Each structure stands twice: as structure tokens, then as C-alpha cells.
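S.K.: Let me begin by handing over the structure; questions about it come next.
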């Protein structure tokens, strides 16, 4: 098909059409991209982004995790556990920084997956993130009233409107406080991004000040008492180095939240500069606070004597500072409020991005003309989260939050590899330009066998190309269809595509085998070997070939570029897959039900209403020419 990207096959029917729809990809938003009507307000700068990142990341978990992880895993080496977890989270942050600056549009990991991988994977990521933010926001809201009760001297001291109540005859405990707070935060978010971010900044500042008080006052007590927590016969690693790493895997989830910054990319004044800085500063500040609090608390009291529920408060109480308990509890409440804002902020933007692409009803894509935020999507998000928070104790579902985040982290790292080695070089054009496309095709001396170019259902790029057949997975064009790629370039892209596939499969096999301790050695060790070999082969191959020249110009050029590619994204993929396979079968069973619902919604609504359903794919080199011809004809 000449310059047109076409892998039309005879036969296959509807089943083949379903497969093709899964791999169609959209372009990075540009001047030629589709108009979205009213736009989001570009009002955010670096301080706003840091406030969003820190507020969404530092929840009340730090006030609890310190005691739990120190008692069960790391002991006095807790600060090192936080450091290792922070470095692991930083790998994902590097990947987010590059993609958010190159593709600065709402939707975060969903948006990047749609551009680099395909519609099917993007839908799964977006659907999983919807679950993550809904349950995450509800769980955070349910945790506020117990902390408020500590300030009021117990649950009996809480006003009736804030206290929990059990419905007579039913095993349901309603939480009015949680629902009220969700509605308050929803109202703030509807007022505008700048107003809601200002409020989050204030709440986050109070939380950070409380943590700084813990660090300063705790250090004073530590030097005064001689740091008894470090003078133990069990040493610095009472559970061994393995315990320290086990602690790192647990506290890694305390760093989840910085990805909320990427969801606001469309509202940042200078995304190419500010997004990488905002993500990096937020993660650095969170890691520093976590480590300093850990150093102080495990030094004030022996790790085995820590209260697993209120480790910081009990540590100060043991040194006759009962009044500090109220201040620390206030910090925990502020942390929960900030985390609630961080959970409810990204979801409307993901709903908006999916609705823009036609995968969800268009009502979610409406942007209020005055406040310049997706008010309808925000209200829908708030209603769902408030209902769950009011009626359900979602603490048992908290593990499902991690699935969405880790899937997003993994896909962002894979997207960086794709962008660097096999970036998409086709663009979807509206079918209204079919006549102009045919005209340019004729001028270029191209001929087609059918007289019309394929639509998106028949036009995508295959990952692996040989002389006999096309394996239809997106990423790479075949040379016959292009007629302009030399063999060496085609070979490079084929090798890169295979290598990325080997890397992902190897990381999964290695993670699964290493985590399956119940497997017989005859199965487990060979599986580890196969996975390790595939992973290493992919890494060596990607390190040995050149990256694609388009990596400098793909998307919005001039932004941040992730260092140490391909090593850094591959390590990121391995870490996230290891954490995913260790979430437990019960968590995966619950998530599978949600994903199955998502598949049904996509098959019966999203696939048919996708904005790419009737798109025509052409190579980037000819897309601009087609647009110029079209604009010239309108002049």
C-alpha cells in the first residue's frame, strides 16, 4: 500500500477485526490532532506539582508502616529499606518524567500505553486505574474518623455526624465522616485546578511540618537518651539482609502516589520542564522524610517494643511527651486528607481522556467553561467514592489498589523502550480525509488493489515481519509496505521488537518462578533459568543496537530523556513484575472480576465507539503533506 500502513489479510472475519482493534494506536496530541472543545487550564508550576506529588504520596501509612515493618522485617535497618524502595520507585519516576514531558496530555499511563502499545492494553490500564483511585480514595476516607476520634478522646467523643454507626439488623457500619470529606474534596476539585492545588498545598504543608517536628524533637530525645533503639545485641540487621529487602518490598507502596503528578500534564504551564522537576522533587522529598522519620523512631525505642498501630505516638509517649500524641494525630489526619485529594484528582482526568478517545461516554469529557476542569467526571468520581466510603469497609480491598499502580508502572517502562527503539511512525487520520489521502497516494505514484486505503481495522503495524507471514502485533512496519526503509533499518526494528518481547516474558517467568516457593525444584530452577536467559538476551540485544533516530523528535521534542536506557526500564519492569506476582491469589481473583467487567464494556461499547474506529493510518512523513493539501483546499 505504499506509504500507507496496511496489513490487510483476507479472511479472518470479525475475530480478526477484534484483534486489529486491540493494537490500533493514537498519535501524540499536536496541532493537527483533534480538538477537544474547551481545554483544561494551564495553571500549574513546579510548586503546585510538588504539593500534588508529596500530598498524594505521604499518606497516613508512614505513621503506621514504621512500626509494622521494623517489628516484622527490618529492625533498625528500616531507613535502608526506605532508601532501597525509594530508588526502585525512582526508576519508574524516570520513565514517567520522559513520557509526561513528551506526551503531556491527561490520562497518564493510559495515554502513554495508547500511543506506544495499543488500544487494548491502554483500556486495561485505564480500567485498572479507575479501580485503583476509587478504592484508594474510599479506603483513605474511611481511615479519617478513627484518627479524629483520638483527638476527641475516643469514638464516644465524636459528634454524631462524624461517628460511625451500625445499621440495625445488618452487618454494615456506615461512616458519615468519610462520605462528607469525599464530597468536600470533590467540591474543591470542581472549583478549579489552581484552587484545589492551593488547598492541597496547605494540608500537605501541615503534614510535612508535623513530620519535621517528629524528626527534630525525636532527634533531641535520641541524643538525650543515647539512642537506645540502636544499642541492641541483635545488631543493625536482626532479620538479616533478607529482612531489610523484605521490608523494602513492603514500604515500596508508601511511594505510590507520585504518578498523580503525571495525570495533570495537560494543566502544567511548561510540561517539558516542570513535570520532570516536579516528579523528581516530590519523590526526593518523600524519600528523605521517610528515611529521617525512620532513623529517629527506631532509635528512640527498640524495634520489638514498637506499637504496630501507633509507633510514632507511642515512641513519644514512652518519653513522657503525651501532648505530642495530639500533634502527631493531627498530622495523620492531614496526611489522610491530602492523600484523599491525591486519589480523587487523577481519576476524572483518566475518565476524561478515555471519553475523548471514545472508549467511555462523551459526558465524561465535558470541561466546564468557567472552572476549566472536567466537572461531570469529577462529580461522578466523588459520588462513587463517597458511596463506597459510606457503606463499605474497603480495607480488605486495599491490595487491589496496588495492582493498578504496578501495572501502570510496568507499562510506562515498556513504553519507554518502545519509544526509544521502535517508536510509532504512523498517524491516524480521520476518514473525512480519505479523498485527500487517495490524491496524495496517486501523486506519490502509489497504487492500491482495492481503490481505498485500509481503515484502522485493517491498518496497523506488525511487531515481527518475515517473508511468509505477518504476525499482527503493533510496533514495526514491514519493508514491502513502506518501500522506503533499507533492510538494515527493518532488521534493527525487528530485533528491537523481539528483544522487548523477550525482556517482558523473561521478567515475568523469572519473577513468577522466584516467588513460587512451593514449586518443586525441578520446575522452579529451570523456569528461573529460562526467564533469566530471556531477560539477559533482551538486555544484551537492546544494548547492542542503535536506538531509533525518531526518539529525539517523537512527541513534544526538547523534554526530559530517561538515562541508562535500556537498563533502567528493564530493571523497573523486573521489580514491578516481582511485586505484582507477590500480591496474592485473593487480590488477583478480585481484580480479575473487575477486569472481566472491563473487557465486556470494551467489547460492547469502547471498541465500537473508539475515535480510531474509522481512522486511516498513514506514515508520519506523508501525514503533514496530507494536512497541508487539505488546508490548501479549504483556503
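Glycine residues also receive a Cβ, built from the backbone N, Cα and C atoms like all the rest.
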S.K.: Looking only at the topology recorded in Swiss-Prot, are residue 548 and residue 585 found on one side of the membrane?
M.R.: no
S.K.: Kindly point out the range from 17-39, 109-131 that Swiss-Prot annotates with transmembrane segment.
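M.R.: Comparing 17-39, 109-131 with Swiss-Prot, transmembrane segment matches 109-131.
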S.K.: When you get a sec, could you say which of 377-397, 440-460, 461-481 is annotated transmembrane segment by Swiss-Prot?
M.R.: 377-397
S.K.: Would you mind telling me which of 147-167, 399-419 Swiss-Prot tags as transmembrane segment?
M.R.: 399-419
S.K.: Using a threshold of three or more Cβ pairs below 8 Å, and leaving out pairs closer than 6 in sequence, do the transmembrane segment (49-69) and the transmembrane segment (325-345) count as in contact?
M.R.: yes
S.K.: Could you tell me the mean pLDDT the prediction assigns to the topological domain 'Vacuolar' (302-324)?
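M.R.: When the pLDDT values over the topological domain 'Vacuolar' (302-324) are averaged, the result is 89.
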S.K.: Give me the DSSP three-state residue breakdown of the topological domain 'Cytoplasmic' (257-280), ordered helix, strand, coil.
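M.R.: Residue counts in helix, strand and coil order: 17 helix, 1 strand, 6 coil.
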S.K.: How many of the residues that make up the topological domain 'Vacuolar' (302-324) does DSSP mark as helix, as strand and as coil?
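M.R.: Secondary-structure breakdown of the topological domain 'Vacuolar' (302-324): 12 helix, 0 strand, 11 coil.
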S.K.: I'd like to know if the transmembrane segment (109-131) touches the transmembrane segment (561-581) in this structure, counting it as a touch only when three or more C-beta pairs sit under 8 Å and are separated by 6 or more positions.
M.R.: no
S.K.: In terms of Cβ proximity under 8 Å, which residues at least six beyond the ends of the transmembrane segment (172-192) contact it?
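M.R.: Beyond its ends, the transmembrane segment (172-192) has Cβ neighbours at 41, 43, 137-138, 141-142, 144-145, 148, 158, 161-166, 199, 337, 340-341, 344-345, 348, 368, 371-373, 375, 378-379, 381-382, 385-387, 389-391, 393.
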S.K.: What residues in the same chain, six or more past the boundaries of the topological domain 'Vacuolar' (582-585), come closer than 8 Å to it by Cβ-Cβ distance?
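M.R.: 249, 399, 402-403, 406, 515.
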